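Here Swiss-Prot flags Lys447, Lys514, Lys648, Lys664 as N6-acetyllysine, drawing on similarity to another entry. What Swiss-Prot records for Lys754 is N6-(pyridoxal phosphate)lysine, and it gives similarity to another entry as the kind of evidence. According to Swiss-Prot, the feature region 'Disordered' maps to 21-46. According to Swiss-Prot, the feature transit peptide maps to 1-35, an assignment based on sequence analysis.
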Amino acid sequence: MQSCARAWGLRLGRGVGGGRRLAGGSGPCWAPRSRDSSSGGGDSAAAGASRLLERLLPRHDDFARRHIGPGDKDQREMLQTLGLASIDELIEKTVPANIRLKRPLKMEDPVCENEILATLHAISSKNQIWRSYIGMGYYNCSVPQTILRNLLENSGWITQYTPYQPEVSQGRLESLLNYQTMVCDITGLDMANASLLDEGTAAAEALQLCYRHNKRRKFLVDPRCHPQTIAVVQTRAKYTGVLTELKLPCEMDFSGKDVSGVLFQYPDTEGKVEDFTELVERAHQSGSLACCATDLLALCILRPPGEFGVDIALGSSQRFGVPLGYGGPHAAFFAVRESLVRMMPGRMVGVTRDATGKEVYRLALQTREQHIRRDKATSNICTAQALLANMAAMFAIYHGSHGLEHIARRVHNATLILSEGLKRAGHQLQHDLFFDTLKIQCGCSVKEVLGRAAQRQINFRLFEDGTLGISLDETVNEKDLDDLLWIFGCESSAELVAESMGEECRGIPGSVFKRTSPFLTHQVFNSYHSETNIVRYMKKLENKDISLVHSMIPLGSCTMKLNSSSELAPITWKEFANIHPFVPLDQAQGYQQLFRELEKDLCELTGYDQVCFQPNSGAQGEYAGLATIRAYLNQKGEGHRTVCLIPKSAHGTNPASAHMAGMKIQPVEVDKYGNIDAVHLKAMVDKHKENLAAIMITYPSTNGVFEENISDVCDLIHQHGGQVYLDGANMNAQVGICRPGDFGSDVSHLNLHKTFCIPHGGGGPGMGPIGVKKHLAPFLPNHPVISLKRNEDACPVGTVSAAPWGSSSILPISWAYIKMMGGKGLKQATETAILNANYMAKRLETHYRILFRGARGYVGHEFILDTRPFKKSANIEAVDVAKRLQDYGFHAPTMSWPVAGTLMVEPTESEDKAELDRFCDAMISIRQEIADIEEGRIDPRVNPLKMSPHSLTCVTSSHWDRPYSREVAAFPLPFVKPENKFWPTIARIDDIYGDQHLVCTCPPMEVYESPFSEQKRASS
């Protein structure tokens, strides 16, 4: 290639000297220099040659062009519709001049997709994959390739949204119901939710449930719980006003009747299996609740906690087919007795019926959640871990109860063999009964043992008392056992030890702790054990759900943009997937480099000084950010400042998170233009100035406008001693145009699953890292196992997630998105998102009222359609429009939020003009259908809106008595064609029936379509 370049009279550089390479890249890099980069004193001929080379070899793989939907022609046409000459003019008329960024972003040049994957390979190679037997809630597992390929790597599964619209979400609702049934069966409890963020968070939610249940302010924790779980619980308790005490069961005193609940681990963090029946009975006698952190795989052979009276069982489902991922994402489970179900946190899938009487699925008891009850909600949970819960459910379905029991027995047998070999080698075991974890008092030098382990690249857990911990898993084979025995100086092989032990019943199967109750007896767990059948089952469920593979999902405040294949590819690489979160840092240098680079880029994009990646969702980021503010104020001696001002238009998570952080919420009015009411804000600040802690604002506002006085709002709060928390949910309208850290915000969470391309996964995973200004940096969260303190003066707020860096394995997605877009591409994405929204608003403004606009008549990246007048004119509500949109092949916009009776639309930058036009055409057609009702041309009760959605079963039925045609029902516009139509699979849901007849586990098999039973096949 050099000779070819010389033939053109050019000079082509290699490596750092003449080309551009991303940090961490290796090998020659042929990308041209940035035009803005300095030559460092090089000659002008070389610079000219470089520019000539760019013209001769132009880029043909510009990722921004792939990511941003509208091309140049589309953009010109949309600008013409708006009566604007350029996109710069649009931004000038939309974003206040005083906050606009006056310089280009200081970012590396964009990188092509092939190069980004090569660079990520180089970074990931710096992670060392040792065999980690550290345990503590994280285990190696065998991820079935059929689930990996057909679910985790499948855009039809990962690009769905939380199933608020059940008629187009029956597939993942069924899968999540399977997950809940799995959890209930294995734990022996009555009801389970559809996942929480991680085990530590689940334990903290248990603490809050106990407090809500009996209003007692003391919570007892067994110190043999996992240390990260204890830390998360203690941090939550600090701001909830609950006192936590670490006590062994024999030390726990319930006589004062002041204990809300007790938390213990079964088996505990040291591996011990013990009987907690007496503890549970003592707790119940005093009116306290018993909470058990446990292990689903262990419970496949171990007596379940529901059988000895536990009220709440929680833990991680990670070892059910989900990789370690350096800490996540993993789905936590949470199960309760039936009497506690209405206080349970998080989403819950229930069985109900549709308009035809068919049993179907929906999200149940939503009135207890943050988007409705706000600060009085059971939790602030919004995003959870739906995708990982679906993986765990499919793992259980694929293996069935017998397969899971087989895996559990295999793990337990391996641990028994290892324990026998260790005892023969002169080592002492701390506990006699265990499942998969041993705590070992070495009979020789611990340093010597660790040295031999390092030779084999094996990690153990080192306890503070000098003992070692080993936790085995389903991947352990005979060679692994031989290596472990050699490390501890055992002269026998695993085979010899096993032969000497014989096949007599040992361990849990020979004890009173043996599980005798059946589990996973429902036919769904006994029908899909071949790969053929599990693939067909996953595909059947996928086909019931609308996702980004079908059409745009215009949910306001949700930013359902493209999740590109190149961004997603690295998350399944073993170098990212198979790293335990507590390995020494020198084994995770690739991850550490990625964290540093992503933090640097996010700081540049936001104007903040430091970023913490620990929060696993936007709501958890809110809680972490507000807790950081409280820690800062406490350190200043201003702990009395607890008032948090929140506009009434705020996300429901805002007041719920402020309540979790121990703040007192004071609402602020919104004026008729959708802005914070400046007069009311000033009055509230004056009223609470002595106790003002913070204001929570969203920008652009949740009403879809850039408020002109945002800097004045921030200044007002600062002048009265408060801090500014800016909700990052709408960051997709700011990147490259303005930075919250520049116009007065002190802290924000960043929804990486919105602005920065992590897929929503049908309700999680997400990431909510928080960015802070430097005065808050010393108070960012820490971790008890891996310290995150950057200096000795730090005063961390505590721990908010179980893993030090949260859901680490999905961070490469956002890293890759930023690197491939570059500063210019990121700014273009923001501009296009704003252009798309304004174009749609313009097309729809003569048919629907656009509720709020900015000072110069434009919306931000989203807008609100007012459907309230139709209630009076045609008895049509927002829900009718939402359901009718399904017949046109679209998921509904955000419904009845932030204003009841309205629809909020956010198109994102990824949708091209043709798709925007299809959606607008659908909305205009629906408006005409409403007009037909208003003008008496169609029945006001039996019409396409009230009867929507129209399923395939309905349209093809031999019975059709509706006063409109099947064609109007199913194919209302020319672009809705039989060959490409997405069909709702059920009729309209009956929400009231579902909450009045609560069923949250799998219904009888009669309601399933085309059931297949391997058991029936075998018996025949």
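Using N, Cα and C of the backbone, Cβ positions are placed for all residues, glycine too.
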Seminar exercise, completed: Cα of Lys447 (N6-acetyllysine) to Cα of Lys664 (N6-acetyllysine), in Å and rounded, measures 52
For this session: Indicate whether Lys514 (N6-acetyllysine) is helix, strand or coil by DSSP.
Result: strand
Problem set entry | Proximal residue to Lys514 (N6-acetyllysine) among modified residues Lys648, Lys664, Lys754 (C-alpha distance) | Lys754
For this session: Please work out which residue of Lys514, Lys664, Lys754 has the most C-beta neighbours within 10 angstroms of its C-beta, and give that one of the modified residues.
Result: Lys754
For this session: Counting other Cβ atoms within 10 Å, pick out the least crowded of the modified residues Lys447, Lys648.
Result: Lys447
For this session: Could you round the CA separation between Lys664 (N6-acetyllysine) and Lys754 (N6-(pyridoxal phosphate)lysine) to a whole angstrom and send it over?
Result: 29
For this session: Express the distance between the Cα positions of Lys648 (N6-acetyllysine) and Lys754 (N6-(pyridoxal phosphate)lysine) as a whole number of Å.
Result: 23
